[in-house]
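Among the features that Swiss-Prot reports, Zn(2+) binding site is placed at C29, C221, H246, E250, with the record citing sequence analysis. Annotation comment: Swiss-Prot describes 31-41 as motif ''HIGH' region'. Residues annotated as motif ''KMSKS' region' in Swiss-Prot: 278-282. If you look up Swiss-Prot, you'll see K281 marked as ATP binding site, on the strength of sequence analysis.
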Amino acid sequence: MALAIYNSLSRTKEIFEPLHSGVVSIYVCGPTVYGHAHLGHAKSYISFDVVVRWFRQSGYKVKYIQNITDVGHLTDDADEGEDKIMKQARLEKTDPMEIAQFYTRSFYEDMDRLGVERPNIAPTATAHIPEQIALVETLLRKGYAYEVNGNVYFSVNSFAGYGKLSGRTDQEALQSGSRVGIRSEKRDASDFALWKKAEEGHIMKWQSPWSVGYPGWHLECSAMAMKYLGETIDIHGGGMENKFPHHECEIAQSEAATGKPYVRYWMHNNMVTVNGTKMGKSLKNFVNLKELLQTRNPLALRFFILQSHYRSPLDYSEAALDAAAQGLEKLHETLRRFRHQAAGSGSLDVTPYAERFSEAMNDDFNTPIAIAVLFDLSKAINSALDSKGIVEADRAAIEAFLTIAATNTLGIASNNLADEQSNGNSMQRLDKVMQIMLELRHNARKQKDFATSDKIRDMLLAAGIEIKDTKEGAVWSVKG
């Protein structure tokens, strides 16, 4: 069965055909690093991690780019408001780059624990200012952009294809209460910023032909995707909340600059809800990933996420996560039993299961069906082990399939489940110790015993554990 992908642009499943034979170029929007990752990040990056893994298992060479937004993402997600990283730096009374670097380390620490493989390249917006300026110059030269008072805007009316991804026209966007900023200096209210003149006191700023300023949020992804993957890329992924305005603006500025299709297949993962309600800080149901991983097995969380298709919403509850953890443990129990029991005389042909697994993954990366196949195989293995056992040749074939399916593709099991379980328990024990250390440090600071407070911090740092004081309290992370 050929691989079919649901293309958000055409709104249909399409047979995947790479631009270059045997090679897949993938760009996924990375996090804006102004806070710790949340459960929505986990769903998105685990989903695309499995996409990348399956392409590699299918024999493709994958070039995977995932950016880090460390400047330009304003609080209203468009042209107005304060830079999110600068706002956090102001709240924590520190430098914006320190904020970006700290939360970038925190993000990768969480992703590593969830088994999310690193991208080939993880470019940052601040390291690609020249490329972004060059893209703005091209758009100005071609007549798709205009400069006013040191700000440069993309003229939406100049690009006929604007709205083809989200299905939203300019008027529909405005009527629906879109947060695309409205400034009187724009030719049209829907025009979006490519370059912003820095206000007085704005720390993160660069010299440009138009002003000392900073790039618009949408600009960075186009500039970095095209630098590392070319003017047309195979797959662009991200959360469905980025479809408009972010991805719509990416298409407009990229295709206006090159005259070529920007992305061949758009993939969007759905959102996370909590007990049936959309997750959000304002609703006070925000699930902090780092806190969750301090009490939960990372593999169980990964398994929980993959039980839902990437295009389906994921409803989080403690009960649902408990059930997922129990289901994964049953699967692991079968794998441990299978690996420890000697060969027998009975047969178990894994071929039908392997075929069904491939069919599921080739059907728009249908991980729930793929997991169901593993449970069906688990039942068959237990039945065979209860009877005559499994001959060595069939055992080898089953082991090879499990390595491809459970380990290399889904990332929900390893070849050493005992070590896996031990690592999860170790992190839980470390968290309990850290809570005691943080409480001791908090009490010392409360009594103005700063010498003891600093000594605790320095001792932990020497052990590879970094402490950061935030307005919500102290948080810890493992360095490296």
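Going from the start of the chain as shown, residues are counted 1 onward.
Backbone N, Cα and C atoms are what each Cβ position is placed from, and that goes for glycine too.
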Cβ contacts under 8 Å made by the motif ''HIGH' region' (31-41) with residues that lie 6+ beyond its boundaries: 68-70, 73, 84-85, 87-88, 99-100, 103-104, 106-107, 110-111, 239, 271-272, 279, 286-290, 292, 316, 475
Around the Cβ of C221 (Zn(2+) binding site), the count of other Cβ atoms that are within 10 Å: 27
Least surrounded among the binding-site residues, given as H246, E250, when other CB atoms within 10 Å are counted: H246
For C29 (Zn(2+) binding site), the number of other Cβ atoms found within 10 Å of its own Cβ: 21
Shell list (Zn(2+); ref centroid = CB of C29, C221, H246, E250; cutoff 8 A): W217, H218, E220, S222, H236, G238, N242, H247, C249
The motif ''HIGH' region' (31-41) - residue tally per DSSP class, helix then strand then coil: 3 helix, 2 strand, 6 coil
Mean of the pLDDT scores, which run from 0 to 100, over the motif ''HIGH' region' (31-41): 92
